[in-house]
Amino acid sequence: MDASGQNIFRMKIKVLTERMFKYLRKWFVTRFFGHPRRRTRLVSKDGRCNIEFGNVEAQTRFIFFVDIWTTVLDLKWRYKMTIFITAFLGSWFLFGLLWYAVAYIHKDLPEFHPPDNHTPCVDNINGLTSAFLFSLETQVTIGYGFRCVTEQCGTAIFLLIFQSILGVIINSFMCGAILAKISRPKKRAKTITFSKNAVISKRGGKLCLLIRVANLRKSLLIGSHIYGKLLKTTVTPEGETIILDQTNINFIVDAGNENLFFISPLTIYHIIDHNSPFFDMAAETLLQQDFELVVFLDGTVESTSATCQVRTSYVPEEVLWGYRFAPIVSKTKEGKYRVDFHNFSKTVAVDTPHCAMCLYNERDARAKMKRGYDNPNFTLSEVNETDDTKM
């Protein structure tokens with residue numbers, strides 16, 4: 001085995017040894033000290049926000065009923081369907097009572113024994129059940145032809161017009177709410193997925209935090225823009241404690257962070273430089289940090305022109321230091337590009353500086369070696385030379 005083969009073999013043994021020790025350490029901590037502390041996160045992995053509002057005034061709650069359209073759209077399906085069924089059944093039964101009252105006042109019911117030449121307001125209403133059926137037929141415009149309004153009562157004609165108009169309003173609102181609920185761009189966001197973990201490694205000679213994102217549909221997101229927020233608790237110089245203090249995290253790809261050509265999975269990265277909040281972190285202290293990295297992707301759905309936002313979050317346990325993502329895109333013999341999602345969240349261990357300061361110090365040291373510097377501690381002592389040559 002040559003020298004290069006021996007080096008590769010040693011690197012593999014080193015990686016396997018490190019993985020074994022990490023697994024044993026995790027098992028030991030979980031076995032003897034219980035499960036690791038579960039961190040509280042503001043944004044779940046699927047983008048839902050973990051927040052609740054307390055002590056909201058009653059007047060403020062009334063605002064939700066003023067904006068009834070948005071309130072209905074934000075309701076869960078079980079509540080929405082309950083309102084849908086209640087609205088229709090309630091209106092049918094309410095107008096059924098009104099039609100029964102019209103027939104009762106006009107004495108069209110059989111218990112009044114109307115004469116043979118009596119003309120009822122509504123034909124064939126014999127009780128509350130038949131009144132409910134007539135209300136149903138009127139509002140949904142079935143028109144069986146067995147029960148109908150006559151010209152005998154102006155009240156019945158007015159009630160028919162009022163129920164028809166109100167029925168159209170209820171149909172439009174409820175059917176529109178269900179259609180809007182189904183077609184919300186929030187569902188399109190479900191087909192945008194982020195990698196399970198974020199990794200920290202060198203990219204282009206710089207220490208970067210990398211995240212992989214993929215579009216599971218062939219339709220594009222137009223004008224996509226990606227950015228991040230680092231949430232952590234900070235204490236101001238005045239002694240004020242700010243929970244969920246937000247710091248901007250700039251993510252870029254090789255072509256920029258706007259107008260992404262999002263046809264294949266992309267690896268976005270954040271450069272850890274002197275302006276990055278990750279600059280003071282190291283591989284040994286990463287798990288001791290208390291932060292939450294929230295990543296946002298905004299874009300316009302190509303098919304509906306509706307804007308949508310996809311978000312996810314990462315806690316320190318989900319940030320792997322010294323890893324990179326495995327390749328995911330390949331080219332087949334037929335000339336097609338193939339995306340293997342089996343390797344979407346797969347990571348590979350690589351040599352990485354254990355802190356950003358180390359990388360910059362190493363780079364500065366190499367730069368100084370290429371340049372000449374005077375040593376202030378170096379002194380030149382003069383030596384008196386004697387001329388022993390005699391002429």
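Keep in mind that glycine also has a Cβ here, set from the backbone N, Cα and C atoms.
As annotated by TrEMBL, domain 'Potassium channel inwardly rectifying transmembrane' applies to 43-185.
In the predicted structure, the domain 'Inward rectifier potassium channel C-terminal' (192-363) carries a mean pLDDT of 86. If you look up TrEMBL, you'll see 192-363 marked as domain 'Inward rectifier potassium channel C-terminal'.
For the transmembrane segment (83-105), same-chain residues at least 6 beyond its ends with a Cβ under 8 Å from one of its own Cβ atoms are 72, 75, 120-122, 125, 127-128, 131-136, 138-139, 153, 155-156, 159, 163, 166-167, 170, 174, 177-178. The transmembrane segment annotation in TrEMBL covers 83-105 (among others).
The transmembrane segment annotation in TrEMBL covers 156-180 (among others).
Beyond the ends of the transmembrane segment (156-180), by six or more residues, the same chain brings 69, 72-73, 80, 83-84, 87-88, 91, 95, 98-99, 102, 121-122, 135, 138-141, 149-150 to within a C-beta distance below 8 angstroms of the stretch.
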